[in-house]
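Q: This is the feature table in TrEMBL:
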- 15-35: transmembrane segment (TRANSMEM)
- 47-66: transmembrane segment (TRANSMEM)
- 129-149: transmembrane segment (TRANSMEM)
- 155-174: transmembrane segment (TRANSMEM)
- 208-228: transmembrane segment (TRANSMEM)
- 271-292: transmembrane segment (TRANSMEM)
- 304-325: transmembrane segment (TRANSMEM)
- 345-362: transmembrane segment (TRANSMEM)
Amino acid sequence: MSLLFLTNLFKKNKLNIFITIMCSVLIISLILNPKECINSSLSGAKLFMYKVFPTMFPFVVLTNIIVDYGGVYIYAKIFGGILCGIMRLPKNCSIVIIISALCGYPLGGKYCADLYEDKQIDFSTAERLLNIASNCSPLFIVGTIGSSMLNSPTYGYLLLASNYISCIIMSFLIQPTKNQFTHKNIFPVNMKKINLGESIKKSVENSISSCSLVGGFIIMFSVILSRLDSAFFSQLIKQNKIIGSTIIGVIEMTNGCNIVHLSTIDILLKLMLFSFFTSFGGLCVMSQVYAFTYKDKFKMIPYLFRKAIQGLVCAATTFILYTFYSHFTILTISSKSYTPLNINFVFIIFLFVCPFVIYKIIKLIESF
């Protein structure tokens, strides 16, 4: 009788039972290894406080202030045509795309949800935007991976280009629905007036809450990874670094990237793995995105599947870019020979973009 009851209970509550068992096993493991638990928690806390919080907090504060003062409309007016036209999105999605490109995970997801909650885009557009505007931070790609791990900013910029190109490709792979919501007039003549002090106070409070949430996930996944590493993955990594690093990277991209960096595999394979990890994001990043979007009932299984596709697309793009540039001997391991090329490249891009931005700002001022 009791066996039948347990069988029926398991059939009806598979997920609940699975999560309960996994958490119970983890708790027992932490009790048996308290020192490792404390060390991994401290490691996660240091990673958050020294690497994530200093870059994320000011970005979130300033972005919230921009949103309060009608920045969605201003950015849409200046950049909406070119950015959202290519990706087949409403113009007011441009601010989310820019935030995602500049700030990285999980802010694209956060502001995508905010835009949907403010009824500025519909659900199908928000779900599509969530997959397109979900990028890794350029600071992490160029600074941490390129400069610190590979000792070459050139490789960092190659990975960054692959990351952005994969997002554009995903905008073509994920088709917009026929009845996709569009705004005929998204530019109000008179924007609402908000007290600056009130806006700063609200923005700081929101930023602290958002950053604390991200920090909690980083610490939690650091503890989980430490237990998995000691239990199984340490032997797997020693035997096959590619498989081991891939599994770790799928769970948490920073640790996966670090294992790849320490390995002796070919540089092209390293770059492709870095591309996959940064575009896919890992379960840790997806948990952070879900924490900001769960109340809007976005489906995370399709999101995970699409991120996996983006990871593969990004890895393939990296292969093509690396093959192309190495053929013309532009890429070099030496950061010294890279610097002039980098400065000239950025300067040329600036010369092309600057007149367009100035023209759009003038037209925006004239419209008011």
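Please read every residue number as a count from 1 along the shown chain.
Positions of Cβ are set from backbone N, Cα and C atoms, glycine also.
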Q: Of the listed stretches (15-35, 129-149, 208-228, 271-292), which one yields the highest count of Cβ-Cβ distances below 8 Å with the transmembrane segment (47-66)?
A: 208-228
Q: Can at least 3 Cβ pairs under 8 A be found between the transmembrane segment (208-228) and the transmembrane segment (15-35), with each pair 6 or more apart in sequence?
A: yes
Q: Pairs of Cβ atoms less than 8 Å apart decide it: which stretch in 15-35, 129-149, 155-174 has the most with the transmembrane segment (304-325)?
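A: Comparing 15-35, 129-149, 155-174: 155-174 has the most Cβ pairs near the transmembrane segment (304-325).
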Q: By a Cβ-Cβ criterion of under 8 Å, what residues six or more beyond either terminus of the transmembrane segment (155-174) are in contact with it?
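A: Sequence-distant neighbours of the transmembrane segment (155-174): 86-89, 101, 128, 131-136, 138, 141-143, 145-147, 267, 271, 274-275, 278-279, 306, 309-310, 313-315, 317-318, 321-322, 325, 331, 342.
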Q: Six or more residues beyond either end and a Cβ under 8 Å away: which residues meet both conditions relative to the transmembrane segment (129-149)?
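A: That would be 51, 55, 87, 89, 93, 96-97, 99-105, 108-109, 112-113, 115, 121, 155-157, 159-160, 163-164, 167, 170-171, 174, 253-254, 257-258, 261, 274, 278-279, 281, 289, 293, 298, 303, 306-307, 310, 335.
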